[in-house]
Amino acid sequence: MSHRTRLIAALDTQSVQQAELWAQELSGTVDALKLGLEFTYSCGLDVVREFSQKHPLFLDLKLHDIPNTVAGGLSALRDIKPKLLTIHASGGRAMIERAKAALEEAYPDAAQRPILLAVTVLTSMNETEMHELGVSGTVRDQVSRLGKMAISAGADGLVCSPQEIDLLRQNLGSGPALVVPGIRPAGAASDDQKRIMTPAQAAKAGADWIVVGRPITRSENPAATARAIQEELQAV
Ligand SMILES: O=C(O)c1cc(=O)[nH]c(=O)n1[C@@H]1O[C@H](COP(=O)(O)O)[C@@H](O)[C@H]1O
């Protein structure tokens, strides 16, 4: 069985020039580029739209609101066509169902429709912080619970930490796309990430995509760092 884990670079910046520079440097090396809240709020959706016409895009807006508002927000993205999009699983079943229906309506051609990802438990959280939210048990229990619910409600995939990939594969099989941030090459600073693994460990566990931001964008040579990560993935 051949399973290639693909690499997404997270371009967290407020500068269009910086994002374009990284995109140029990384083109041909990474499989997709992620733009999130920081870029979208500072540069605007018109710039995101232009970006999506030039690069394979993961648009990470992590929507979390009442079903009607999330559905309206997603349908307003219809001319952007990202490859991947995020909502929060904790928004609940009705929100996810409406999100999926809104995408089906906005993108009638399934081949053009973004992959709808539900974020489970943020990779920056540990068990203590999760308990503070009133959620008991282990983080793995909660990821598993949210993951099953989100997939049964129509999400195409999940965002999880590398530490839950094995569990989600056991529970949900190989169908759902697993997109995995919280990746740190050996020796890299963990920053605010709590549930981490190396690129090779995440690939071995069965990640479809890994998301890497600062270890690439803050390195002296982003292209060389991204190439080294791809080599690490290919060696698995
Ligand atoms: O949805 C995401 O992409 C996401 C979910 C999550 O649980 N944790 C997480 O870090 N992310 C994103 O993945 C990227 C990770 O960036 P670095 O920590 O710099 O590698 C950031 O852009 C986060 O917004």
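Glycine too: its Cβ is placed from the backbone N, Cα and C atoms.
Over in TrEMBL, the protein carries these features:
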type: ACT_SITE; residues: D60; note: active site, for OMPdecase activity
type: ACT_SITE; residues: K62; note: active site, for OMPdecase activity
type: ACT_SITE; residues: K62; note: active site, proton donor
type: ACT_SITE; residues: D65; note: active site, for OMPdecase activity
type: BINDING; residues: D12, K34, 60-69, T123, R184, Q193, 213-214; note: substrate binding site
type: DOMAIN; residues: 6-229; note: domain 'Orotidine 5'-phosphate decarboxylase'
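Shown on the structure are the features that TrEMBL records.
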| residue | record | DSSP (3 states) |
| --- | --- | --- |
| D12 | substrate binding site | coil |
| D60 | active site, for OMPdecase activity | strand |
| D65 | active site, for OMPdecase activity | coil |
| T123 | substrate binding site | coil |
| G213 | substrate binding site | coil |
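Across the domain 'Orotidine 5'-phosphate decarboxylase' (6-229), mean pLDDT in this model comes to 98. Among the recorded positions D12, L61, H64, D65, T123, G213, residues whose Cβ is positioned under 6 Å from ligand 1 are identified as D12, T123, G213. Reported as a whole number, the C-alpha separation between D60 (active site, for OMPdecase activity) and D12 (substrate binding site) equals 11 Å. The shortest Cα-Cα distance from D65 (active site, for OMPdecase activity) to any of the binding-site residues (D12, T123, G213) is found for T123. Packing around T123 (substrate binding site) is summarised by its Cβ count: 24 other Cβ atoms lie within 10 angstroms of its Cβ, all protein chains included. Its Cβ placed at the centre, G213 (substrate binding site) has 19 other Cβ atoms within 10 Å. Working note on the recorded positions D12, D60, D65: by count of other C-beta atoms within 10 Å of each C-beta, D60 ranks first. Of all Cβ atoms in the shown protein chains, 18 besides its own fall within 10 Å of the Cβ of P67 (substrate binding site). Here the Cα atom of G213 (substrate binding site) is found 16 Å from that of K62 (active site, for OMPdecase activity). Between the alpha carbons (Cα) of D12 (substrate binding site) and K62 (active site, for OMPdecase activity) lies a span of roughly 14 Å.
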